[in-house]
Amino acid sequence: MNDIELWQSLGVALAIGLLVGAERERSKPAQGTLGIRTMALLALVGALSTLVQPIVAGGLVAGAVLLVVLGYATSRQRDPGLTTEVAGVAVVGLGALATSRPAAAAALAVAITVLLVSRDALHRFVRETVTEREQADALKFFVAAFVLLPILPSGRFGPYGTWVPQRIWLLVVLITGIGWVGYVATRMLGARRGLMVTGLAGGFVSGTATTGVMAARFRRGEAPLGPALAGASLASVSTLLQLVVVTAIADPRVTARLLPAVVVGSAVLSIEACWLARKQDNATADGAEPTGRPFALVPALVLAGIISVVLPLAVWMEQRYGAAGALAATATGAVADVHGASVAVATLAHDGRVSVSTAVVAVGLGLATNTVGKVVVAGGAGGARFAVTLAACLAPASAAFAAALLLW
């Protein structure tokens, strides 16, 4: 490390200490133990510990930690919390990291500061917004993503070698993770921001279920026809956007072919939704709850099952009946879950089992099947008037999607 790099590293360490210290100084002005100056010095101690002999470095770090502990001992009567002291220890570590990985150290410092600043919002979210059931679902999701996924085999199994357990489960985690984001957005924004936000966010959880909820609210007189249709239309926008993400994981070539059609279809649906909601007035989603659960084990296993069934079925039908067989298999699977079926056929394209063009047409056919399913659900939940009007809204978007798919 030359002199310029040395001073740059020390400057980053100093900036880290000042950043965290400034936040602690403002939020804990009465504590007086670990403020902006002390945090800056702790960061410099961490940086210096990497530049001296190991025995000296150990003494510096031990001394810094001891001073932090003594500071807590003198201030615990006024503030029994440990956040500031833990932040002080973290600053020492970040100061040390700044000498070798300054960008990573700075990024972590910003993340820590955001956590410290967000204290009240985080406490309110955990204590007042998140329910016990949702906490349990979060734990299940983390187990699925960070415990099960890494240990699943990555080799090929099953009929035609189409089953790659790790890849299938990755797609399940991705789809349910997007649904999680939509669920949280609905919980936090839906009741305040109206049916359009509820429809868009809820669509990431389940587009069909959200369409049914909008139809049911119209039938019960809780929402006018226009805003309810706007929410249902935006749920279909979510379906299209989610499709881009999940197919990109399986085969980016399929996504590249789908992207223009998704943009055009989403634009048509969004324009229709804005036009339908122009007379929204006081129609809101007050009291609306997101559809389904953020993560439930059975639906996740069902999704994995759909992907696992469609994969070999599409290969078998393609070998027996040609491209028409793969199209039929995808359309059939899309009745249960359009994203699972689309991911399956995109995976086959990635593996060279079907052509990219066949996969793109299969995804489009699956979307058409899913759209018909939404209209049927809307009719059952909201009556014939809602279903017919929704079909009239979805038809132009479907036509625009198909035209873009053919042209590009």
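Note: Cβ is positioned from N, Cα and C throughout, glycine not excepted.
If you look up TrEMBL, you'll see 6-22 (among others) marked as transmembrane segment. Within the chain carrying the transmembrane segment (6-22), a Cβ under 8 angstroms from the stretch's Cβ atoms is held by residues 34-44, 46-47, 51, 87, 90-91, 94-95, 98-100, 102, 105-106, 109-110, 112-113, 116, all 6 or more beyond its ends.
Taken from TrEMBL, the feature domain 'MgtC/SapB/SrpB/YhiD N-terminal' covers 10-124. Summarised by DSSP class, the composition of the domain 'MgtC/SapB/SrpB/YhiD N-terminal' (10-124) is 91 helix, 0 strand, 24 coil.
Annotated transmembrane segment per TrEMBL: 42-70 (among others), in sequence order.
Here the transmembrane segment (90-117) has long-range neighbours at 1, 6, 8-10, 12-13, 15-17, 19-21, 23-24, 27, 39, 42-47, 49-51, 61, 64-65, 83, meaning same-chain residues at least 6 beyond its ends whose C-beta is under 8 angstroms from one of its own. Residues annotated as transmembrane segment in TrEMBL: 90-117 (among others).
As annotated by TrEMBL, transmembrane segment applies to 138-155 (among others).
What TrEMBL records for 167-185 (among others) is transmembrane segment.
The domain 'DUF4010' annotation in TrEMBL covers 173-379.
Sequence annotations record features per position, and here TrEMBL assigns transmembrane segment to 197-216 (among others).
Sequence annotations record features per position, and here TrEMBL assigns transmembrane segment to 228-246 (among others). Listed by sequence, the residues of this chain that lie at least six past the ends of the transmembrane segment (228-246) yet keep a Cβ under 8 A from its Cβ atoms are 171, 174-175, 178, 182, 195-196, 198-204, 207, 210-211, 214-215, 217-218, 255, 258-259, 262, 265-266, 269-270, 272-274, 276-277, 280, 285, 338-339, 342-343, 346, 363, 367, 370-371, 374, 378, 382, 386, 389-390, 393-394, 397, 401.
Tertiary proximity for the transmembrane segment (258-278) is limited to same-chain residues at least six positions away from its ends with a CB under 8 Å from its CB atoms, namely 194-196, 199, 226-227, 229-231, 233-234, 236-237, 240-241, 243-244, 247, 360, 363-364, 393-394, 396-398, 400-405, 407-408. The transmembrane segment annotation in TrEMBL covers 258-278 (among others).
Positions annotated as transmembrane segment by TrEMBL: 298-317 (among others). A Cβ distance under 8 Å defines the sequence-distant neighbours of the transmembrane segment (298-317), meaning residues of its chain 6+ beyond its ends; these are 144, 158-160, 162-163, 168-169, 171-172, 175-176, 292, 325-326, 328-330, 332-333, 336-337, 339-341, 343-345, 347-348, 353-354, 362.
According to TrEMBL, the transmembrane segment annotation covers 324-348 (among others).
The transmembrane segment annotation in TrEMBL covers 354-372 (among others).
Under the heading transmembrane segment, TrEMBL lists 384-407 (among others).
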Of 42-70, 138-155, 324-348, 354-372, whichever stretch has the most CB pairs under 8 A to the transmembrane segment (384-407): 354-372
Which of 42-70, 138-155, 324-348 contacts the transmembrane segment (354-372) most, counting Cβ pairs under 8 Å: 324-348
